[in-house]
Every structure is written in structure tokens, then in C-alpha cells.
Amino acid sequence: MATQHPIGKKTACVVGGTGFVASLLVKLLLQKGYAVNTTVRDPDNQKKVSHLLELQELGDLKIFRADLTDELSFEAPIAGCDFVFHVATPVHFASEDPENDMIKPAIQGVVNVMKACTRAKSVKRVILTSSAAAVTINQLDGTGLVVDEKNWTDIEFLTSAKPPTWGYPASKTLAEKAAWKFAEENNIDLITVIPTLMAGSSLTSDVPSSIGLAMSLITGNEFLINGMKGMQMLSGSVSIAHVEDVCQAHIFVAEKESASGRYICCAANTSVPELAKFLSKRYPQYKVPTDFGDFPPKSKLIISSEKLVKEGFSFKYGIEEIYDESVEYFKAKGLLQN
């Protein structure tokens, strides 16, 4: 069959290959010598898949049509794979109906992919991309609270108070919980990677919304600056990681036999005022706002990556490198002047 990869090569399936994280994950897996299957909703959409077609020059990459709502569409891409990376998630921040636009599809997507994994006898481990939004949202008070993999976002608070954009954290939390339930019931070796806000550069033709959010203090985008403030107020901090570290963490936990459970991937914890001060000093050529009135200057909590680091992972990028690369990326995209 044409879909078979060469014998002896490790094979990975990356679900949702057109995304920010998934496309870099595909690239890094190919560079490590993996044969890679990736799924996209519409392989005929040239704008969405052009960067994946370019990655085929790096190695053995096959692109499959699959839809998270269609369980059987994952059988072919997952067949014969050692690892399955489920990175795709439905995001509609402006949704009037998060329950049906995000929450149900996210849960259904996770379960459909995992069902396909149970039928493919080759799959050794499933790695699900969760989010810090599934960990950090609670009603605790104070500053300097440390949260780790034991913490879960308070779903009752989200669904009753319905703060702005509540659908996304609710969908990530409930999808991860559904994954753990399915994994336990079906004896699947599952690991979840929990990244914070991600920045750096992207292979995708469109600029990922997370880099836009991270760069908002530099670009002066008021709407996104308010988004950052909202993030700090809801989740307790502005926590950030480089997308490459997040992707390397996915591969690290897949390959590390002793790895188990959840892994937070966070390079730096800060607040909007602290971040603005840092950016204003580092990039004086951009007019970064530094006066935030009575907005809380300190973050409420610290998201700890201690478990991942103790497992043996080391972060390549600190906050300086993350922003240096993001600034260069925005310049290259014509979104920032020199």
C-alpha cells in the first residue's frame, strides 16, 4: 500500500497539522528521522497546507484528510504509528455558543482520535496538547501561589460566572478530563503537555493569534492588550513559553519511557505591568505602554514546570530570546517597523 512507511523507522501521527504548534512539531519530528503522518481538514486548501508541502523535502511526511467529528477518518493516518500527537483544538473566541462551537467538538475530537488509537495496535503512547487554561483558573486569593500538575481549572466557576472567552478554558479542561477518563478505561498510555501562552515564530502563512497576543504591548494593539489583561485577571498570571520548547517537550515526553501524567511547559511567569516594563527597556524603539493605573502589578500565581525539568528536560529559550525572535518574526511579516 502507498500509505506504508519504510520498516524500521519510528512513525508519528500529528493530528491537526496546519496549526502553529503542530506544523513545527511535524518539522522537528522529521528532523529527528521520524516518518510522519499528519491530518488536515482540507488538503486542497493551498494556503493552509503550503508549509506542510514544503516540509516534505525534510523527510517522509504524508498528509491525510481527517475531521475531528469523524472517528473513522483517523484510522488510516494512525495505522502503524508508534506515537500519536493530538494537537488540534476548535477555537472560536467570539463564539455566542461555546458549548456547541468549542466544548462538545473538543471532547468529541479527543475521544474520536483515542478510539482510533485503541484500534491501531501499533500505538505505544498518545500525547495530548492541553493548555495552562486547564490548570490555572480558580478563585484563590493572594500572590505567589504556585500551581502545578495537581491543579485543575474550576469548571463550576467558569460555567456559572461565564467570564469573557470562558469557552476556551472550559473546552481545554473538559477535553483533557475526557482524555484521562478514556485512557484509564481503555488502557491507553496517555501523556498531556500543558503549555502556556506561546510565542516565537511560525511556519504557518497566517500569524498565530497567540504570538499576536504576546506581541500586543509592542504593536500597541489595544484589543489584544485588553486580552492580555483579561488573561492575567482570569488565570492569575501572564505565563509564556517558546513554541519550539513546547514542541520539543512533546517529543521528549513521548520518547521518555518513565514519563507519565501531565507536564506543564512554561518558561516564564510575569504580569502585564512587569512584562511592559521589561519590553520597554529591551526595545526602546517601540512605544510600549508602562502606565497601567491601578491594574494589579504582580501576578497572582506561578505556573511551575518543575516536573518536566526534573524529568530531564531543559528549556532552550528564556523570556529575552522568546521576545527577540517574536520581534524579528513580526518585522519579517511586515507587522513591525525596525
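In case you wondered, yes, glycine gets a Cβ from its N, Cα and C as well.
Copied from Swiss-Prot, the annotated features are:
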type	residues	note
BINDING	Thr18, Gly19, Phe20, Val21, Lys48, Val87, Ala88, Thr89, Pro90, Tyr168	NADP(+) binding site
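Feature map: Swiss-Prot annotations on the structure.
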residue: Thr18; record: NADP(+) binding site; Cβ neighbours (10 Å): 26
residue: Phe20; record: NADP(+) binding site; Cβ neighbours (10 Å): 23
residue: Lys48; record: NADP(+) binding site; Cβ neighbours (10 Å): 19
residue: Ala88; record: NADP(+) binding site; Cβ neighbours (10 Å): 26
